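To start, the structure itself, in structure tokens.
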Amino acid sequence: MKLPGLQSDVARSVAILALGTFAVGTDAFILSAFLPEMAAELGVSVAHAGYAVTVFAASYAVLSPILATLTVRFERRKLLISAIVALVLTDIAAALAASFEMLLVSRIFAAAAAASFTPNAAAMAASLAPLESRGRALSVVVGGMTIATAIGVPLGNLASNALSWRGALFMVAAVGVLAAIGIFFRLPPMPGGAAVPLKRRLALLKDRKIMLILPVTVLGVAACYVPYAFVLVVLDDLGISASHMSIMLLLYGIGAVVGNIVCGAAVDRWDPRTVLLWAFAFMALGFALMLLIGNSTGVALYFMVGFLMVLWGGTSWCQAPPQQARLIDVAPSHGPMVVSLNSSAIYVGIALGTTLGSATIDISTTANLVAALFMSVLVWLCVKFLRP
């Protein structure tokens, strides 16, 4: 396999690590594509089923810094294999779950495995690549999770035509097995890193500038995920037929990938805060328009919803580059740690958004979209008036 700027042996190793992060990212959100089916089978409401996503995200956010501290000295290849095997086993356990409670427990352990794998995969990629290519290697490994997170639900919805939610989890487990085999045979042993006490990691939360930036990540991601975990219900209420939902979700995924790339380039040209203000303004506009298209029908409806799905995906996934740039600007000597804190903040936002989504989707889709609109306006105000 060839990757620009990377030697073939390093490129193969990085690609294997990216396959692992792709499995992690897909695992985190693929169940969102099956919530109605899963809820019916396990005897819970769709809103209640959404907690399967919430529990994973909240567990990842809490466990990520703790596990990073506890496992930092472990030999990395063994740790990566152990983590991905644990993810495979927890996915199998979830696929065999006889009750919703058993499913939730398995999702907690899956989050622990994911939180152990992702940062160590990035660290190994950085160690394997030569200095001048580390940025590319990291972008490929992190990109595996980013792409999976952006298109996990679209992939799940496409798979739902042939698989049940249990089958989808077995499919993710199979990807994990491939990643584990690749890591075992292709990656060299590598010693762990220097210990960074958890107290030191969390000490950054006392920095006023950092604490004025991280809530933007939490609220911005929450705004996206209020309706996202229940996107099939939202699309159905907007009038989109089941046969066209895969197309709509694919448009979201395309918007997400393009938004991430465009905003990454925009941050190199403009102030990151300005990029965020435009992103959240368009996000709020998108949710407002979703609330106004209820009376549309036919081809016009599909074109409007398709456009709004692209806008939704684009504005959701253009947040990370400017937020990371802002954090590194205020704490340049703690770059890796503030980026790690931002990753945890993303999962806190997912947990908050899906919790609010669960609380509102039972009322109506309108209530759900109003909550998303409120959150997007709130985060715009935070960026506008809370300057670090």
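Glycine too: its Cβ is placed from the backbone N, Cα and C atoms.
Per TrEMBL, the feature transmembrane segment maps to 12-34, 46-67, 79-98, 104-125, 137-156, 168-189, 210-235, 247-267, 274-293, 299-318, 339-361, 367-386. Per TrEMBL, domain 'Major facilitator superfamily (MFS) profile' is recorded for 13-388.
Residues 46-48, 50-51, 53-54, 57-58, 60-61, 64-65, 68, 118-119, 201, 204-205, 210, 214-215, 217-230, 233, 320, 323-324, 327-328, 367-368, 370-371, 375 of the same chain lie 6+ residues outside the transmembrane segment (339-361) yet bring a C-beta within less than 8 angstroms of a C-beta in it. If you look at the transmembrane segment (274-293) against the transmembrane segment (367-386), you find at least three C-beta pairs under 8 angstroms, all six or more positions apart, and that counts as contact. The transmembrane segment (12-34) makes contact with the transmembrane segment (210-235), as judged by at least three Cβ pairs under 8 Å among residues 6 or more apart in sequence. Residues of the same chain lying 6 or more positions beyond the ends of the transmembrane segment (79-98) and with a Cβ under 8 Å from any Cβ of it are 17, 20, 23-24, 27, 42, 71, 106-107, 109-110, 112-114, 116-117, 120-121, 124, 166-167, 169-170, 172-173, 176-177, 179-180, 183-184, 187, 192. Long-range Cβ contacts of the transmembrane segment (46-67) within its own chain (Cβ-Cβ under 8 Å, at least 6 residues beyond either end) map to 28-29, 31-32, 35-36, 38-39, 100, 103-104, 107-108, 110-112, 114-116, 119, 198, 201-202, 229-230, 233, 340-341, 343-348, 350-351, 354-355, 357-359, 361-362. Listed stretches 168-189, 210-235, 299-318, 367-386 were compared with the transmembrane segment (247-267); the greatest number of C-beta pairs under 8 angstroms is found for 299-318. Outside the transmembrane segment (210-235) by six or more residues, the chain places 32-33, 35-36, 46-47, 50, 53-54, 153, 157, 204, 245, 248-249, 252, 276, 280, 283, 287, 290, 305, 312, 315-316, 319, 323, 326-327, 330-331, 338, 341-342, 345-346, 348-350, 352-354, 356-358, 360-361, 365, 368-369, 371-372, 375-376, 378-379, 382-383, 386-388 with a CB less than 8 A from a CB of the stretch. Taken together, the residues in the domain 'Major facilitator superfamily (MFS) profile' (13-388) have a mean pLDDT of 85 on the 0 to 100 scale.
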